[in-house]
Amino acid sequence: MDIFSEILPLREQIKTWKREGKRIAFVPTMGNLHEGHLTLIRTAREHADIVVASIFVNPMQFNNVDDLTNYPRTMDEDVEKLTSENVDLVFTPTPEIMYPEGLEKQTTVDVPVISTILEGASRPGHFKGVSTVVNKLFNIVQPDVACFGEKDFQQLALIRQMVIDMALDVEIVGVPTVREMDGLAMSSRNNLLTLNERQRAPVLARTMRWISSQMRGGRNDYLSLIEDASDQLRAADLQPDEIFIRDARTLQEPTEETTQAVILMAAFLGQVRLIDNLVVELSATSSDEEE
């Protein structure tokens, strides 16, 4: 497995593969890899001859300096995991490589509307940081296909819109959320939870499934439903941050025409912000998501 931290040698290798007619898949990560990331890698392998991954903790997408400082960095372990998955190349740039003139002078990519609603409203600039770094990584790696987790539902929608708007020649593949045995969505931030917090963390997913069962049962008083869900979170000492019920296609308020909705949730458990989402088929009558 090749490991490059500089752009030029990576580009030379990419050019070689392109000349050989190889199809290239790309999985961008911020490291601290878990089974969810490895599922992205395996999915990428199904779509291409060559798999490239990146490990870069992107300072542009952090609103909180402490959050950036405390983000887990486990480069050696990450490289071992990627090696075991037979990744062909890993790109490990520093902030100085990605933003040589500093963040203030960096050209940015801003996807309107979708970057400022929902989570974007409470984290101004976050999605601009995401779209900028992903666009730059696409320009560097030149992938034919890129894989992203559906756990970050709004981020995936943002990237898909950016690819359309910028006419980027890359296929975007969404990969279903990977969960722990107790239902908690896998996340690098889970490592920051104390033992007690980790035991309470699955309440987020359970509450989300409860909302889903209520919706599929015909309940559509969404504001009241969100309040009830917030109470469930607080009862388990989780602090609700955001709970949205939106049309899964538009991310706008559901209408009578909405057949597929998405529940978007975020809550603080101690100092850790957990996120999750669940798509709900409003025409469905089964209750297989219930506890």
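Quick reminder: no glycine exception, Cβ is built from N, Cα and C everywhere.
Swiss-Prot lists 30-37, 149-152, Val178, 186-189 with the feature ATP binding site, giving sequence analysis as the kind of evidence. When secondary structure is read from DSSP and collapsed to three states, Leu33 (ATP binding site) falls in the coil class. The local packing around Leu33 (ATP binding site), expressed as other Cβ atoms within 10 Å of its Cβ over all shown chains, amounts to 23.
Non-local contacts of His37 (active site, proton donor) by the CB criterion (under 8 A, 6+ apart in sequence, same chain) comprise Val27, Thr29, Lys81. The active site, proton donor annotation in Swiss-Prot covers His37 and rests on sequence analysis.
Per Swiss-Prot, the feature beta-alanine binding site maps to Gln61; the stated evidence is sequence analysis. A helical conformation is recorded for Gln61 (beta-alanine binding site) in the three-state DSSP classification.
Swiss-Prot lists Gln61, Gln155 with the feature (R)-pantoate binding site, giving sequence analysis as the kind of evidence. Shown in sequence order, Gly125, His126, Phe127, Lys128, Gly129, Val130, Val133 are the residues of the chain, 6+ apart in sequence, with a C-beta less than 8 angstroms from the C-beta of Gln61 (beta-alanine binding site).
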Inset, instruction - Tell me whether Ser188 (ATP binding site) sits in a helix, a strand or coil according to DSSP. - result: helix
Legend entry - For Ser188 (ATP binding site): intrachain residues, at least 6 apart, with Cβ closer than 8 Å: Met30, Gly31, Asn32, Leu33, His34, Tyr71, Pro72
Inset, instruction - Any same-chain residues 6+ apart from Val178 (ATP binding site) with CB under 8 Å of its CB? Would you list them in sequence order, or say none? - result: His34, Glu35, Gly36, Thr39, Gly149, Lys151, Ala185, Met186
Legend entry - Position of peak Cβ density within 10 Å, selected from the binding-site residues Met30, Gly36, Glu150, Gln155: Gln155
